[in-house]
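Here's the structure, in structure tokens; my notes come after.
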Amino acid sequence: MAWRGWAQRGWGCGQAWAASVGGRSCEELTAALTPPRLLGRRFNFFIQQKCGFRKAPRKVEPRRSDTGTSGEAYKRSALIPPVEETVFYPSPYPIRSLIKPLFFTVGFTGCAFGSAAIWQYESLKSRVQSYFDGIKADWLDSIRPQKEGDFRKEINKWWNNLSDGQRTVTGIIAANVLVFCLWRVPSLQRTMIRYFTSNPASKVLCSPMLLSTFSHFSLFHMAANMYVLWSFSSSIVNILGQEQFMAVYLSAGVISNFVSYVGKVATGRYGPSLGASGAIMTVLAAVCTKIPEGRLAIIFLPMFTFTAGNALKAIIAMDTAGMILGWKFFDHAAHLGGALFGIWYVTYGHELIWKNREPLVKIWHEIRTNGPKKGGGSK
């Protein structure tokens, strides 16, 4: 669930200001100068007020080093990213702001699937060598004294008992936990807002489309997303395979953020978003499309079960209604974009993209076998 950022901030005043405006009280001056606050879930932009009096010259204050803001600036709910220190201004040409994200989405998706195809080739090649290495290792283990109660042995046992899907998403979960910890560092707040929240009104448009997929400010938000990803990990990896799943997941994060950009530009509701929900919606939609008769249940209400197909229809209907009615708590455009991409990929995309990877794999095989061609003239 990609969260919208919001903040509210007022202006203070001093005795010198009250004297310069004809004896108006500090409270009256504050009310007159206070810009529109950022209310609700929508990130509204500050509008500069025009005043009918001359303002006293401002004292030049020494520039503070960017070592973070005061603790008061971030005393807020754990669900709300501290965005009051960063103001985003919408482009006067909003459609143009989508050109770079569009090219980035297409280019990144192509690179993701190309890298996954090469990764699969290398994995298959290494399995043959690993097979013989495994035989040798088993023989050495049989004659080597075994350590009982060794912590490393217990970790290896736990890891070996995981499914391929669970092993794959363990790395994704670790990355999300790392980014969550970075949000807790005050000196990194500006960097996190700039690069780990996606917003078409920001100066940085492309890299946040990927990085925000691993970004969660709320512990509950991250825990809920990672639980859903863990629950569907075995099914999706059994359907797609490890390498193809990673390409789909990363591409889904970028594609869902691009759909979010389009929705924000179309409605004018700008605001930073973050979270893995767009990519997770792709995983959920792909599994529910492939296994529509599978039974699902809610974590705290296991007595109520429903089919995967019905669950997918309900989620799409809710996100569509959220977009039309302007619900602001979730980024419904990102959710809907991720779900539609998941449905499209398992229905058509696998045939169009993954099964046509052979030319790229052959080129890579020739490079690995013969090495790069040497230039120059004849010997």
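Including glycine, each Cβ sits where the backbone N, Cα and C put it.
According to the topological domain annotation in Swiss-Prot, LYS100 and LEU240 sit on opposite sides of the membrane. In this chain, the transmembrane segment (102-121) lies out of contact with the transmembrane segment (274-292); the count of Cβ pairs under 8 Å, excluding pairs fewer than 6 apart in sequence, is fewer than 3. Taken together, the residues in the topological domain 'Mitochondrial matrix' (319-332) have a mean pLDDT of 86 on the 0 to 100 scale. In this structure, the C-alpha atom of HIS335 (active site) lies 6 angstrom from that of SER277 (active site, nucleophile). Classification of HIS335 (active site) by DSSP places it within a helix.
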